[in-house]
Amino acid sequence: MGKVLAAALVGIAAALAAERLLAFRNRLNATREVDPVALPNCRLIKGIETGSEDIDILPNGLAFISSGLKYPGLKSFAPDKPGEIFLMDLNEKKPKASELRISRGFDLGSFNPHGISTYIDKDDTVYLFVVNHPHQKSTVELFKFMEDDNSLVHLKTIRHDLLTSVNDVVAVGPDSFYATNDHYFSDFILMFLEMYLGLTWSNVVYYSPKEVKEVAAGFYSANGINISPDKKYIYIADIFDHNVHVMEKHADWNLTHVKTLQLDTLADNLSVDPDTGDIWTGCHPNGMKLFYDDPDNPPASEVPFGRCLWAICVLESAIVQTILVLRIQNILAEQPTVTRVYAENGSVLQGTSVATVYDGKLLIGTVFHRALYCEL
């Protein structure tokens, strides 16, 4: 009788493990392939070789690019090289990327930049918020941009018990922001277990010097975050649930759910066109390729196109990572328009994480690879 019971328990455990594995593969879109969508006027950006994970463009056309992310479980072409922030002036005929100098006193050796966001104060001061992972911890670094000499002055490092595994931020003041925690745990093994079991413990936190609080929860992995041009709505990409959430922002900074747009890809960072309100996102069509390195099958990229929410969806992987850029229009409509703007099999870019537009120009960034400049 004991042997029968033991065999039954083993069988149940095996069935549960198989079910979890299948669910995990489905969340990663492990079998998905994408058909290519080409853009005619694109070129790789010189000088960016080790990632361009997030991009934020000022109204005057200056684009900030975070580079050099080292993240547990993901590939890095320069694991011992500190991260960098690049600047591009998109008003130039042939814009180039140049590294921004960072003021003394900041620990450049452990600089590991992730998501970024800019804020322009009433006196036109430009603040740059950078998610940083020094020694695999999570902080948010606040810089002031000095345009005269193309440099960043470090103002402060923000740490808090609620900022445990920060992925992205959107600034809502000179020292306040919303941040996504993409996992509940910060330890890599526990993070993987969290993903494998399908735990919805990821959240969004509001931070200011006076108040820090959780404002949204129940995500598989809250990733990219951004704000509508009228500042009324916050957009959140849940990368492992293949969707974008629209949340209404209230005077007390709390968020309430408005709607969810379901996609067929893993949406990463979100960018918002300030003129049209369209959302652009970099997506991972096949997330399995992000974690398994296979030079013969790199992760592709995908980007949607249209007057709506533009989303670039890319899956970063060690298998040939397909690239996908999406544009989502009229996100608040009953049926938003989602357009694939750019897609390829990883021969040009690997692991696309962001796409953003300015004056007919499109920038496409990646988690650990290169960056692409296109004229639409």
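Heads up, the Cβ atoms here are built off N, Cα and C, so glycines get one too.
Copied over from TrEMBL:
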- 1-17: signal peptide (SIGNAL)
- Cys42-Cys374: disulfide bond (DISULFID)
- Glu53, Ile116, Asn167, Asp168, Asn223, Asp268, Asn269: Ca(2+) 1 binding site (BINDING)
- Asp54: Ca(2+) 2 binding site (BINDING)
- His114: active site, proton acceptor (ACT_SITE)
- Asn269: N-linked glycosylation site (CARBOHYD)
- Asn345: N-linked glycosylation site (CARBOHYD)
Restricting to the same chain and to sequence separations of six or more, state which residues have a Cβ under 8 Å from that of Ile116 (Ca(2+) 1 binding site).
Asp54, Ile55, Asp56, Phe64, Ser66, Ile85, Leu128, Phe129, Val130, Val131, Val169
Cβ within 8 Å of the Ca(2+) 1 site centroid (Glu53, Ile116, Asn167, Asp168, Asn223, Asp268, Asn269 excluded): which residues?
Asp54, His114, Gly115, Val131, Thr180, Gly224, Ile225, Ser353, Val354
Determine the minimum-neighbour residue: among Asn167, Asn269, listed as binding-site residues, which Cβ has the fewest other Cβ atoms within 10 angstroms?
Asn167
Out of Cys42, Asp268, Asn345, Cys374, give those recorded positions positioned within 10 angstroms of the residue listed as 'active site, proton acceptor', comparing C-alpha atoms, in sequence order.
none
For Asp168 (Ca(2+) 1 binding site), the number of other Cβ atoms found within 10 Å of its own Cβ:
31
When you tally the Cβ atoms that lie within 10 Å of each candidate's Cβ, which of the recorded positions (Asn223, Asn345) has the highest tally?
Asn223
Considering the disulfide-bonded residues Cys42, Cys374, which residue's Cβ sits among the greatest number of other Cβ atoms within 10 Å?
Cys374
CB within-chain contacts under 8 A for Glu53 (Ca(2+) 1 binding site), separation at least 6:
Ser66, Ser67, Leu69, Pro113, His114, Gly115, Asn269, Ser353, Val354, Gly365, Thr366, Val367, Phe368
If you count the other Cβ atoms within 10 Å of each Cβ, which of the binding-site residues Asp54, Asp268 comes out on top?
Asp268
Measuring Cα to Cα, how many angstrom lie between Asp268 (Ca(2+) 1 binding site) and Cys42 (disulfide bond)?
21
